[in-house]
Amino acid sequence: MTKPNHELSPALIVLMSIATGLAVASNYYAQPLLDTIARNFSLSASSAGFIVTAAQLGYAAGLLFLVPLGDMFERRRLIVSMTLLAAGGMLITASSQSLAMMILGTALTGLFSVVAQILVPLAATLASPDKRGKVVGTIMSGLLLGILLARTVAGLLANLGGWRTVFWVASVLMALMALALWRGLPQMKSETHLNYPQLLGSVFSMFISDKILRTRALLGCLTFANFSILWTSMAFLLAAPPFNYSDGVIGLFGLAGAAGALGARPAGGFADKGKSHHTTTFGLLLLLLSWLAIWFGHTSVLALIIGILVLDLTVQGVHITNQTVIYRIHPDARNRLTAGYMTSYFIGGAAGSLISASAWQHGGWAGVCLAGATIALVNLLVWWRGFHRQEAAN
C-alpha cells in the first residue's frame with residue numbers, strides 16, 4: 001500500500017475506533033435478546049444459539065474471503081461499500097418473519113461487518129512504528145467495546161420498542177458511519193501485484209511458513225471460544241429464576257465487560273516493549289481463574305460481574321498482544337495476516353457459541369462453566385508447553 005501524507009490524528013483514531021466497534025457490534029445485538037427471540041419464533045435454546053453462530057460463521061467467511069481485498073483495492077472505497085452492505089443485512093434481520101430469514105440477514109451482516117478488520121491494519125499502517133501497538137490497542141478496544149456494549153444498547157432499545165427496533169436503528173447508524181468514513185479516511189492505493197486467487201493462497205502460505213502466526217491464531221481461537229461460551233448462555237441464566245431479569249437489565253451486564261476491555265489497553269504498549277510473552281502467560285492464567293468466579297454467578301450477581309471483568313480483561317489483553325506480534329511479521333501484508341488470524345479467532349467464537357448453547361441445554365450453568373474452564377486450561381497448556389518459549393527466544 002502507498003502510505004499517504006495523512007497524519008493519524010486523535011480524531012481519526014476515535015472515528016476508526018467507533019467505526020470498528022459499530023461494525024462488529026452488529027454481530028452481537030442478538031445475544032441478550034436470545035430468550036425473547038426464541039419465544040417469538042418458538043425455538044429451543046440450542047436453535048436460538050445458532051443465530052449467533054450464523055453471524056460468527058458469516059464473519060469468519062468474510063475474514064477469509066473479503067479482508068485480503070484490503071491488500072488489493074483502494075481501502076476507503078472498499079471500507080465504505082462494505083459498511084453499507086452490512087447495514088443492508090441488518091435491514092433483512094429487522095424485517096424477518098422466520099428463523100431462516102433472520103439467519104440469512106444475520107449471516108450477511110456478519111459477512112460484511114468484517115470491514116472492522118480492514119480498519120485495524122489500516123490504522124497499523126498509518127501509525128508510526130513506535131506507537132503501533134498503542135494504536136492497535138486503542139482500535140481493538142473499540143472493537144471489543146462494540147461487542148460488549150452491543151448487548152447493553154440492544155437490551156435498552158428492545159425494552160423501548162421490541163427486538164426489531166434494535167436492528168432498524170443499527171442499520172441507520174451503519175449508513176451514517178459509511179458517510180463519516182468516506183469524509184474522514186485517506187485514500188490508499190494498492191501496490192500489490194497479486195490477483196485474488198494469489199492473495200488467498202498467500203494467506204495459507206503464511207500459515208504454513210510462519211510458526212508465530214500459527215501459534216497466535218490458535219491462542220486467539222481458543223481465547224475467543226471462551227468469550228463466546230460465557231456470553232452466549234448468560235442471557236438464559238439471567239432470564240431464568242432466581243434472577244428473572246428483563247432484556248434491558250441483561251444488556252447492562254455488557255458494561256462490566258466494557259470495563260474489562262478498557263483495562264486491557266496497556267497490553268499493546270507492553271508488546272511494543274518486547275514483553276508479549278509475559279502478557280500472554282499472565283492473561284491465560286487469569287482467564288482460567290475467571291471461571292471460578294463465573295461459576296458462583298449462578299447465585300451471586302457480584303461473583304458474575306467479577307468473572308466478567310476478569311475474563312474480558314484477559315481476552316482483550318491476549319488479543320491485542322497477538323495482533324501486535326503478528327503485525328511485525330510482514331508489514332506489507334497486514335490485511336492477509338489479519339484474515340488468517342481473525343478467521344481462526346471467529347471460528348473459535350462460532351464453536352464457543354455452539355458449545356455454550358449445548359452445554360446450557362444439557363448441563364445448565366455448571367455445564368457452561370465446565371466447558372469454559374476446560375478450553376481455558378487447554379489454551380494455557382498449549383502456550384505453556386512450548387509455544388511461548390520459542391516466541392520469547394525469537
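Heads up, residue numbers simply count up from 1 along the chain you see.
Just so you know, glycine gets a Cβ as well, placed from its N, Cα and C.
Annotation source Swiss-Prot lists transmembrane segment at 10-30 (among others).
Residues or ranges marked as transmembrane segment by Swiss-Prot on the basis of sequence analysis: 50-70 (among others). Counting residues 6+ beyond its ends, the transmembrane segment (50-70) has Cβ neighbours under 8 Å at 26-28, 30-31, 34, 37, 78, 82, 99, 102-103, 106-114, 117-118, 121-122, 196, 199-200, 202-203, 228, 232, 335-336, 338-339, 342-343, 345-347, 349-350, 353-354, 357 in the same chain.
Feature annotation from Swiss-Prot assigns transmembrane segment to 79-99 (among others).
Annotation comment: Swiss-Prot describes 100-120 (among others) as transmembrane segment. Within its own chain, the transmembrane segment (100-120) is flanked in space by residues 16, 19-21, 23-24, 26-27, 30, 37, 41, 50-51, 54-59, 61-63, 66-67, 69-70, 75, 78-79, 82-83, 85-86, 88-94, 136, 139-140, 143, 146, 167, 323, 335, 338-339, 342, which lie at least six positions past its ends and keep a Cβ under 8 Å from the stretch.
Listed as Cβ neighbours of the transmembrane segment (138-158) (distance under 8 Å, sequence separation of 6 or more from its ends, same chain) are residues 13, 16-33, 36, 116, 119-120, 123, 165-166, 169, 231, 246-255, 257-258, 261-262, 264-265, 268, 312, 315-316, 319-320, 323. For 138-158 (among others), the entry in Swiss-Prot reads transmembrane segment.
The transmembrane segment annotation in Swiss-Prot covers 166-186 (among others) and is backed by sequence analysis.
Residues 28, 31-35, 45, 49, 52, 56, 151, 245, 249-250, 253, 257, 280, 284, 287, 294, 297-298, 304, 307-308, 311-312, 314-315, 318-319, 322, 341-342, 344-353, 355-357, 359-360, 365, 368, 371-372, 375-376, 378-379, 382-383, 387 of the same chain, all 6+ positions outside the transmembrane segment (218-238), place their C-beta atoms under 8 angstroms from a C-beta of that stretch. Annotation source Swiss-Prot lists transmembrane segment at 218-238 (among others).
If you look up Swiss-Prot, you'll see 243-263 (among others) marked as transmembrane segment.
Residues or ranges marked as transmembrane segment in Swiss-Prot (evidence: sequence analysis): 291-311 (among others).
Residues or ranges marked as transmembrane segment in Swiss-Prot: 337-357 (among others).
The transmembrane segment annotation in Swiss-Prot covers 364-384 (among others) and rests on sequence analysis.
In summary, the transmembrane segment (243-263) does not lie against the transmembrane segment (166-186): fewer than three C-beta pairs, each 6 or more positions apart in sequence, are under 8 Å.
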